[in-house]
Amino acid sequence: MAWRLWTTQVDEVDLVENAVYEEHQSRAGVNGTGPGSLMDPLEDPVPGLGTYEDFNTIDWVREKSKDRDRHREITKNSRRSTVALLHSISDAFSGWLLMLLVGLMAGALAGGIDIAAHWLTDMKEGICLDGFWFSHEHCCWKSSETTFKDRDRCPQWQTWGELITGTSEGAFSYILNYLIYIVWALFFAFLAVTLVRAFAPYACGSGIPEIKTILSGFIIRGYLGKWTLITKTVTLVLAVSSGLSLGKEGPLVHVACCCANILCHLFTKYRKNEAKRREVLSAAAAVGVSVAFGAPIGGVLFSLEEVSYYFPLKTLWRSFFAALVAAFTLRSINPFGNSRLVLFYVEFHAPWHLVELVPFIFLGIFGGLWGALFIKANIAWCRIRKTTRLGRYPIVEVLAVTAVTALVAYPNSYTRMSGAELISELFNDCSLLDSSQLCGYLQPANISETGIGNSLADRPAGPGLFTALWQLALALLFKMLITVVTFGMKVPSGLFIPSMAVGAIAGRLLGVGMEQLAYYNHDGLIFKGWCTPEADCITPGLYAMVGAAACLGGVTRMTVSLVVIMFELTGGLEYIVPLMAAAMTSKWVADAFGREGIYEAHIRLNGYPFLEPKEEFEHSSLAVDVMRPRRSDPPLAVLTQDSMTVGGVEALVESTRYSGFPVVVSQESPRLVGFVLRRDLLISIDNARKRQDGVVGASLVVFSEHPPAQAPDGPPPLRLRGIMDLSPFTVTDHTPMDITVDIFRKLGLRQCLVTHNGRLLGIITKKDILKHMAQIANRDPDSILFN
C-alpha cells in the first residue's frame with residue numbers, strides 16, 4: 001500500500017470534520033433550497049467527512065479539539081434540562097464503564113486461553129480416562145492413589161503408549177508416545193497457521209510492535225477487529241499447545257486491545273474520536289499484561305514505559321482500574337488451580353547476601369548480551385523471510401519449525417514441558433520431599449535436615465542433579481537457537497516466556513554452581529562470616545528468577561515495569577534489589593550494542609511510521625534542510641484563496657499525489673492562509689456537484705471569508721472556507737530540527753509548514769523526519785514504507 005506523500009512522498013491523508021457549506025443564492029433569487037445553494041451540513045452532513053483512510057495517521061490536535069468542543073457542548077446543555085444533565089453524567093462515567101467491560105472481557109478470555117492451552121498441551125502426552133476434557137493435573141486432583149512424591153502420577157491418567165500397548169515401559173511404548181507427540185504438535189501448528197491465513201492475517205506475531213504504532217496515531221483497519229480477536233484467541237491456544245518456543249503473554253496485549261477497540265463502538269464518545277480511543281487502548285495494554293502475568297501494577301507501568309505514546313494522568317487511573325478488574329476476573333476463574341493470582345509463586349526462606357550482587361550482575365551482563373544477539377539474529381532471519389521465497393510458504397515454515405522443535409524437545413524433559421512449567425520448575429526452591437531432578441542432592445549424615453526456616457541446608461550435588469544440569473545446558477542452547485527462528489512466524493507468538501526461560505536456565509545453572517562453591521568453600525574469603533556448614537546460603541531458584549528478568553530486560557529493554565512485573569509474578573518482595581541490579585545491567589550492556597529493543601527493531605523492519613519518543617535527535621540540521629520541496633524538486637503546489645476554479649483545483653489534485661495543499665493569498669503573494677487536505681477537496685467538490693445546481697468547472701473556489709465580485713452571468717462560487725485548517729502548525733526555516741522533532745512527538749503532528757517572514761517556503765511531514773533520521777543513522781530511508 002503506497003504512501004501518499006508530499007512532493008516526492010507526502011504522508012498521511014486526513015479529513016476535517018466540520019466542513020461548512022454556506023448558502024449561495026441563485027441568480028433566480030430562490031432562498032436556500034433553489035438551484036445554486038448548498039444544503040446545511042449540520043442538518044445533512046457530507047458522507048465521509050470526519051473519518052480516516054486506512055494506513056494513515058490521525059490528527060491528534062484536531063481530535064483533541066473535537067473532544068473539547070463536544071465536552072463544552074454537553075456541559076452547556078446540562079444546565080438546560082434534566083435529560084441533558086443525565087446525559088452529561090452518563091458521558092462522564094462512560095469511560096469507567098468501558099474500563100470495567102474491558103477488564104471483564106479480557107480477564108475472561110485470558111482465563112479461557114490458560115485453561116484450554118493447559119489441556120491441549122497435556123493432550124500431546126496422554127488422556128484422562130475419567131474425561132478427555134481434564135488436563136493431567138486436574139485428572140489426578142481427586143485421585144486417592146497418588147503419593148506426595150509422585151503426585152503427577154495416577155491410574156486415571158494414561159499416556160498414549162500406555163493406552164494402546166497396555167504398559168508404560170519399553171521401547172515400543174516410548175516410540176509410540178514420541179510419534180503421537182510429534183503428530184499432535186504438527187496438527188496444532190497446522191491448524192493455527194491455516195486459521196491465521198484464512199481468517200485474520202493480522203492475528204500472527206506478538207502484536208506489540210503494531211500496538212505501539214497504532215497508539216502513536218497510525219490506523220491499521222482490521223488489526224483490532226472482531227475477526228482478529230476470535231482468530232487470535234483460538235490460534236494462540238493452538239500455537240502454545242504445539243510446543244513451539246513462544247509464549248501467550250505478548251499476544252494477550254493484542255487480545256486485550258482488540259476487546260477494547262470492539263467495546264469502544266458501544267460508546268459514541270470513543271467511537272467517533274480516534275484520540276480518545278487510543279487512551280482506552282493504552283489502558284487495554286495494561287490489562288493485557290495484568291492478565292498475562294497476574295501483575296496489575298506492572299501492567300500499568302508496562303503500558304506507560306513500553307507501549308503508550310500519549311499517557312495522561314486520567315489514563316493512568318483508568319488503566320489501574322481496568323487492570324485491577326481484569327486481575328480479579330482472572331482470579332475468580334482460577335485457571336492455575338492454585339488459588340493464587342501470581343503465575344510463579346516463590347517462597348524462598350534464605351535471604352540474599354551483598355556478595356551475591358556480583359553473580360547477579362553477571363546474569364545481567366549475560367541477559368544484555370543475549371538480548372542484543374537475539375535481536376540482531378531474529379531481525380536478520382525475519383529479513384531473509386521477507387526477501388526470499390521462504391516468506392511465500394508460511395505453512396511449510398511453521399510445520400518445519402514445529403517438527404524440528406518436537407523432534408528435539410521430546411527426549412529432554414526440560415524442553416518437552418511448556419515454557420511456563422519450565423520456569424516454575426526452575427524457580428522452585430527444593431524442599432525435603434521434592435521429587436524434582438533439580439533437587440537430586442546427596443544428604444550427608446552429619447548435616448541436619450533443616451537450615452534456615454523450612455529450607456534445607458546446602459548439600460553436595462548427587463547424580464540426579466548432575467543429569468538435570470547437562471539436560472538444562474542442552475535445553476539452554478536449544479531454546480536460544482529455536483526462539484530466533486520461531487518469533488515472527490505466521491502464528492501468534494509472544495517473547496516474554498521464551499526469553500524468561502533462557503534466563504531462568506542460565507540463572508539456575510549459575511545458582512547451582514554458586515551453591516556447590518559455597519558448600520565446599522564455606523571457610524573461604526568470599527563465604528566466611530555469613531555462610532556456615534549447616535546454613536542455606538545460596539538459593540538457586542533466586543538466581544533463576546534474576547536470570548529470567550535479565551534476559552527479558554535485554555530483549556525488551558524494560559526496567560521499572562520489568563522489576564515490578566517480576567515482583568508481582570513471583571511474590572518475592574525482598575528480592576527487588578537483585579532484580580533491579582540485573583535489569584539495569586542488562587539494559588546498559590544491550591544498549592552498548594544498539595539502543596533498539598525487539599519491538600522497536602520490528603517496527604523499523606516493517607517500515608511503520610513510528611517516531612520513537614525515547615530516541616534522541618542529536619544532529620544539528622535545520623528545518624530548511626529537511627523540508628520539501630528541495631532544490632531539485634518541482635515548486636510547491638498550492639491553492640490560492642479566491643482565484644482558482646473548480647476545474648483548476650480538480651486538475652491540480654488529479655496531477656499530483658499530495659495529501660494536502662497549503663492555501664496562500666495568491667501566487668504573487670505566497671502569504672499563508674491555511675491548509676486543505678486532498679480528500680476534503682474531492683469530497684466537497686463531488687458533493688457540491690451532486691447537491692448544488694450551477695457548479696461547473698468554471699465556478700470559482702473561494703477560501704476567503706468574503707468572495708470577490710462575480711460577473712452577473714457567471715456561475716455561483718463554491719465556498720470551501722469551512723474545510724480549511726485556519727491555524728496550521730508552522731515553524732521558521734531556521735528552526736533547529738531537534739525542536740521540530742520534539743514538536744512532532746509531543747503534539748502528534750502529521751505535517752508542519754515552513755515559513756520565512758510569513759511567506760510559505762515548504763512543508764515537513766512525519767515521513768520526511770523519519771527519512772532524515774534514517775539517513776543520519778546510515779539506514780535506507782526508503783525502507784520507511786508501509787507495503
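Using N, Cα and C of the backbone, Cβ positions are placed for all residues, glycine too.
No curator has checked TrEMBL annotations; they are predicted automatically.
Feature annotations, courtesy of TrEMBL:
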DOMAIN    627-691  domain 'CBS'
DOMAIN    724-781  domain 'CBS'
TRANSMEM  96-120  transmembrane segment
TRANSMEM  178-203  transmembrane segment
TRANSMEM  280-304  transmembrane segment
TRANSMEM  354-373  transmembrane segment
TRANSMEM  393-410  transmembrane segment
TRANSMEM  468-489  transmembrane segment
TRANSMEM  495-512  transmembrane segment
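Put simply, of 96-120, 393-410, 468-489, the stretch with the most CB pairs closer than 8 A to the transmembrane segment (280-304) is 96-120. The stretch in closest packing with the transmembrane segment (178-203), judged by the count of Cβ pairs under 8 Å and taken from 96-120, 354-373, 393-410, 468-489, 495-512, is 393-410. Same-chain residues lying 6 or more positions outside the transmembrane segment (495-512) and placing a CB less than 8 Å from one of its CB atoms are 206, 245-250, 292-293, 359, 362-363, 366-367, 370-371, 374, 414, 419-420, 422-423, 426-427, 438, 461, 465, 469, 472-473, 475-476, 479-480, 483, 486-487, 538-552, 554-556, 598. When averaged over the domain 'CBS' (627-691), pLDDT in the model lands at 86. Per-class residue totals from DSSP over the domain 'CBS' (724-781), listed helix then strand then coil: 23 helix, 18 strand, 17 coil. Helix, strand and coil residue tallies for the domain 'CBS' (627-691), in that order: 24 helix, 17 strand, 24 coil [DSSP].
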